[in-house]
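Reading through the structure tokens given below for one structure.
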Amino acid sequence: MTDTKTLNMDALSTVRTYEQFQQDFPHWLLNVRNPAELFNAQPSYVVSQALCIIGGLLSLAHALHRGGRWPFLWMAGALTGVLVEGSMYFSPYGETIWFSPTVIDLFHQRIPLFIFFVYPFFYYQACWAASKLQLKCRWSEHIAAGLLVVLADLPFDMVSIKFLHWTLHDTEQLLSERVYSAPWTLLLFFAVASFAFSYLFHNLRSWMDRSVGTPQPTDRRWVVGTIGAELVAMVGAASVSLSVGTGLFLAFSYPLHTVLGIPHRIIVIGVFLCVATVFWKFDRKSNRRMPMSQSLLDHALNVITVGHFVLYFVLAFVLNPEDTVSSGRHQPIGDCHHTTGTNAPPLCLDTFSRTDYDFHCISKPPNVGTYWYTVCGTPYENRAEFLFAMAVITFIAALVHWTIHYDFDVRFKIYDFVKRTSSVKGGNNKKVL
């Protein structure tokens, strides 16, 4: 038993500099690890990866089943993930996020495979739900898609960061303001980027393919157009939405935060309240009607979307973040007495925030220059508060998706009945008081 503990402690204490990391782990396209070992160290991470992959594959099956433009939407979401993650991790100097090791890692172990299923899952379920609202104002449909993406992303970030699925740059000012570990700025960025994604996906196709009409009729909105127009819409939505999203983010952040000094949390809350009010205004005048009969895949996608929220609440409730151990790539350890001119300053062990991780599970902290080392999870600052917040998010998400997919006003049934009977009578109308 003592030998086993010694071996485990030695494994946890293993550290590498960046140069050693490059020598030990060549630039392989694919790196595979034992899932059992990863589960012992980070059970929540393995479960989260499995859910994201299942959600991504199920949304793909749903897209192929429905046909039309839905497969292009899924591929556009996947391409967005490739572009976002690639731009964040391929630069050796601008890193602000470090993933813990997963079962399958790509590109020098910088990008886990499962992350490419997260984007199409989040984007697809949001656009699928927004399409059912039948909003007269198309801008409000894009707003709805953005809000639904953020709703799915919030518990994902809260649990993932607290349980060390990944670690963030400790001194990056844009990431300093958090809501239960999740940076406010990331929520705002994904909201505006997914809004731009939805807008471009629909409008690029209509601009390229005039046969569908401008604006696109509701019954033609998801009918596939020419292959060229669909490919332009797919690639354009994935690539241009990042630039547009960045521009919108800076339009909010720079004048309000940088110039006026307003905290990011106030900016984000204000923006979300404003766009939610705009959405509510147009939802009251929507063309919503009884949906067509839903298939088994429709129900399965709805279930796993709500299950996404339930799972992260259960993980936060059952597991303790202080039991989490993450051995992998993290922010390089630096000398606290010397600063560098790089875009990603090293971590100072004397002053870093210990909110999400520390070194209590290893014999000694890593040395200066270490790039690959072990960090240990920390307890909730207020367990009851964190769980209550997760419960509220889960309740809101379940109610929102139930209302969108299954809860229809009885007036829709009456309207359909009157419409059918009126057509049968052939113009024999009676005014009912």
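Just so it is clear, glycine is given a Cβ too, placed from its N, Cα and C backbone atoms.
Bear in mind that the values here come from a model prediction, so they are computed numbers and not experimental data.
Under the heading domain 'DUF7802', TrEMBL lists 26-403.
For 45-65 (among others), the entry in TrEMBL reads transmembrane segment.
According to TrEMBL, the transmembrane segment annotation covers 72-91 (among others).
Look at TrEMBL and you will find 111-131 (among others) tagged as transmembrane segment.
Among the features that TrEMBL reports, transmembrane segment is placed at 143-164 (among others). If one looks beyond the transmembrane segment (143-164) by at least 6 residues along the same chain, the residues whose Cβ comes under 8 Å of a Cβ in the stretch are 42, 44-45, 48, 100, 118, 122-123, 125-127, 129-130, 133, 135, 179-183, 186-187, 190-192, 194-195, 197-198, 272, 275-276, 278-279, 283, 305, 308-309, 312-313, 315-316, 319, 321, 324-326, 356-357, 375, 377, 380, 386, 389-390, 393-394, 396-397, 400.
TrEMBL lists 184-201 (among others) with the feature transmembrane segment.
Positions annotated as transmembrane segment by TrEMBL: 222-250 (among others).
TrEMBL lists 262-280 (among others) with the feature transmembrane segment. Beyond its flanks by at least six residues, the transmembrane segment (262-280) meets 139-140, 143-144, 146-147, 150, 174, 177, 179, 184-185, 187-188, 191, 252-253, 256 of its own chain at Cβ-Cβ distances under 8 Å.
When Cβ-Cβ distances below 8 Å are used as the criterion, the transmembrane segment (300-319) is approached by residues 43-44, 47-48, 51, 54-55, 58-59, 62, 125, 128-129, 152, 155-156, 158-159, 162-163, 294, 386-387, 390-391, 393-394, 397-398, 401-402, 405-406 of the same chain, each at least six residues removed from its ends. Marked as transmembrane segment by TrEMBL: 300-319 (among others).
Annotation comment: TrEMBL describes 386-404 (among others) as transmembrane segment.
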Sequence-remote partners of the transmembrane segment (222-250) [C-beta within less than 8 Å, at least six residues beyond its ends]:
66-70, 72-73, 75-77, 79-80, 83-84, 87, 131, 185, 188-190, 192-198, 200-202, 204-205, 208-209, 211-212
With CB pairs under 8 Å as the measure, which of the listed stretches 45-65, 111-131, 386-404 comes out on top against the transmembrane segment (72-91)?
111-131
